[in-house]
Amino acid sequence: MPEQSFLWGHGYAQKYIVKNYFYYYLFKFSAALGEEIFYITFLPFVYWNIDHSVSRRMIIIWSIVMYIGQVSKDILKWPRPLSPPVVKLELRTDAEYGMPSTHAMAATAISFSFLIATMNQYKYPFELGLAAAFVFSMLVCLSRLYTGMHTVLDVIGGALISAVLLVLLYPAWDTIDHLLLTSPFCPLLSIVVPLVLCYNYPKLDYYSPTRGDTTTILGAGAGATVGFWLNNQYASPAYTGENFQLGFPLITSKLVVVVLARFFVGIFIVLLTRRLMKSVVLSMLGYRYKFPIGDLAARRRLEVEVPYKFITYSSVGFCATVLVPLLHELLGLM
């Protein structure tokens, strides 16, 4: 018997019946691959266990692509699919506009930038990497249709915009990476430019989470970029020797233990940093602007939302690239 479920939306209950649990859970999981929980685990994992240069390129591409995608939504103002007839399986992003799908943009950017950055550094069949990137991006794109959050045009538009940006940025990858690591202006520009972009984000007639999400992304990218620069300047520990290798013939038990230990220790510290910084920054802003921490309306104000999200997530990015590697070294996980 199919199970009857309810989705609470804008003042009404939207009823739907799950007829195929395989597709339901597959696409619900695939949709999560385009959200914060994935970024906050996968991107640090690449940095801690695969390759610093690959991680740097992915984070920079992800930040640029997502900013352009989020801003495009609020400039174009194309609505999401009407419900009914479409059944929407998500609530939070329903307040955003639809075109382009930033899930599709992020999935395309993450998967194919990973492929491009690793194909010349590690020995693995290119066809296998291409297939994996295609399957990953397709699953995320299809999940946006299944969950009723985007039209086919939204998804295709998002994937195409991301592909074009990858093609345009690829020739400058090495130059950008070199400047981020060596320029004395990198730390200042890494903080100032994203902050200016966040404070000058397109204004809407009603509240949408796009500005907050954009600030989260740019903040994380800014903190990580400052961390990259510091690591290069002061020779912070690099993950050498026992690094995870994409072309290795055998996986040793010791390697698996080291990789898992790095990941779980790192994620614990990252999540702890995020929780602590949220509490500290909100408390300070609440004191400054005279509002209780639980006041959701106050937290959505520009002068609160931007510094709250930017400081919190820049701290997360910095922690993942500087503090966690130092802890790994202390624990003998290098």
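Note: Cβ is positioned from N, Cα and C throughout, glycine not excepted.
Per TrEMBL, domain 'Phosphatidic acid phosphatase type 2/haloperoxidase' is recorded for 55-170.
Below 8 angstroms of C-beta separation, residues 54-55, 58-59, 62, 89-90, 102-104, 106-107, 110, 114, 136, 139-140, 142-144, 146-147, 149, 216, 220, 263, 266-267, 270-271, 274, 316, 320-321, 324 of the same chain, each at least six residues beyond the ends of the transmembrane segment (21-47), sit close to that stretch. As annotated by TrEMBL, transmembrane segment applies to 21-47 (among others).
Within the chain, the transmembrane segment (97-116) has long-range Cβ neighbours (under 8 A, six or more residues past its boundaries) at 31, 33-35, 39, 42, 46, 54, 57-58, 61-62, 65-66, 68-70, 72-74, 76-81, 129-130, 132-134, 136-137, 139-141, 143-144, 149-151, 153-159, 161-163, 165-166, 170, 208, 210. Per TrEMBL, the feature transmembrane segment maps to 97-116 (among others).
Taken from TrEMBL, the feature transmembrane segment covers 128-146 (among others).
Annotation source TrEMBL lists transmembrane segment at 153-173 (among others).
Taken from TrEMBL, the feature transmembrane segment covers 179-202 (among others).
Annotated transmembrane segment per TrEMBL: 251-272 (among others), in sequence order.
What TrEMBL lists as transmembrane segment is 310-328 (among others). With a threshold of 8 Å between CB atoms, the same-chain residues lying at least 6 positions outside the transmembrane segment (310-328) that come near it are 40, 43-44, 47-48, 59, 191, 194-195, 198, 215-228, 230-231, 236-239, 262, 265-266, 269-270, 273-274, 277-278, 281, 334.
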